[in-house]
Amino acid sequence: MKRGSGFSLHVTVVIAAIAFIYFSTVFVFIDQWFGLWSSPGMLNAVFFTVVAVMCISNYALAMYTDPGQVPSSFVPDVEDPDNIVHEIKRKGGDLRYCQKCSLYKPPRAHHCRICNRCILRMDHHCVWMNNCVGHANYKIFFIFVMYAVVACIYSLALLAGSITIDSPKDDQQSEGSYRVVYIISGLILVPLSLALGFFLCWHFYLIMQNKTTIEYQEGVRAMCVAEKGGYVYSHPYDLGAYENLIAVLGPNVLCWLFPSTKHIDSGLRFRTSFDNVPRKPVSK
């Protein structure tokens with residue numbers, strides 16, 4: 001796998017932000033509001049630590065999991081009766097071929113100029129992970145964002161609560177002793193909660209449509225072209241909301257909150273709405 005293995009400023013910023021938010025939440029917000037060693041304080045500290053551990057572990061997994069590499073032996077089988085949909089170039093109608101990798105592109109694969117290789121079911125290259133988000137690590141990435149949103153909102157609630165509650169420790173602390181921590185935390189948590197919340201909703205929408213970020217952008221162009229020709233564009237990989245959901249998160253609901261990826265296949269072929277099972281009418 002070819003990816004940046006050296007120093008990454010973006011990853012360093014993420015790690016520093018996670019560490020700052022965690023220590024501020026546990027040792028300042030919870031301690032000021034409840035008292036860290038009180039029953040409510042310890043309960044909140046344990047719960048927030050669990051969320052933080054899930055967030056950090058999924059971040060590390062998403063960063064170090066190969067998103068999916070195209071095998072050098074891959075050649076599209078245009079005569080396969082079970083695979084009636086083949087992606088072709090917009091110009092010329094030829095099968096998609098990557099000149100840089102000298103490989104045929106499987107469906108939904110795209111070349112990443114930063115990783116310098118083709119990625120299976122590529123969604124985007126994430127500079128904050130120093131890795132691509134693709135077929136093999138998309139669920140892990142989504143789970144990481146989900147836990148990050150929960151952690152940010154939870155920390156923000158504890159920040160607000162610790163400010164509004166008069167703590168008995170206020171008399172023991174000099175005026176403004178935690179002011180810098182509260183200001184920096186607020187400046188981090190408010191925009192981060194909004195940004196990650198929007199990002200989570202966006203990717204949940206993509207999952208429900210069985211689209212990647214790249215496919216959404218391509219779909220907008222395809223929709224415009226289809227409308228000009230008097231047709232209605234239909235995304236070929238949309239299998240219905242529930243089927244789309246389990247295609248990413250897996251068929252076992254109990255595993256949706258964990259980074260299990262045993263349900264994903266090779267990433268060289270995907271079910272489409274044109275397949276016999278399930279059969280879905282095609283809009284034209």
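A Cβ is built for glycine as well, from the same backbone N, Cα and C atoms used for every other residue.
Feature annotation from TrEMBL assigns transmembrane segment to 7-30, 42-61, 140-160, 180-207. The domain 'Palmitoyltransferase DHHC' feature in TrEMBL is assigned to 94-218.
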Next item on the list: Give residue numbers and ranges for long-range contacts of the transmembrane segment (7-30): same chain, 6 or more residues beyond its ends, CB-CB under 8 A.
Entry: 36, 41, 44-45, 48-49, 52, 55-56, 59, 63, 127-130, 151-152, 154-155, 158-159, 161-162, 178, 181-182, 184-185, 188-189, 192
Margin query: Give me the DSSP three-state residue breakdown of the domain 'Palmitoyltransferase DHHC' (94-218), ordered helix, strand, coil.
Written below: 68 helix, 17 strand, 40 coil
Next item on the list: Quickly jot the same-chain residues contacting the transmembrane segment (42-61) by Cβ under 8 Å, restricted to those at least six beyond its ends, or write none.
Entry: 14, 18, 22, 25-26, 30, 34, 36, 129, 137, 140-141, 143-144, 147-148, 150-151, 154-155, 158, 259
Check: So what pLDDT does the domain 'Palmitoyltransferase DHHC' (94-218) average out to?
Finding: 91
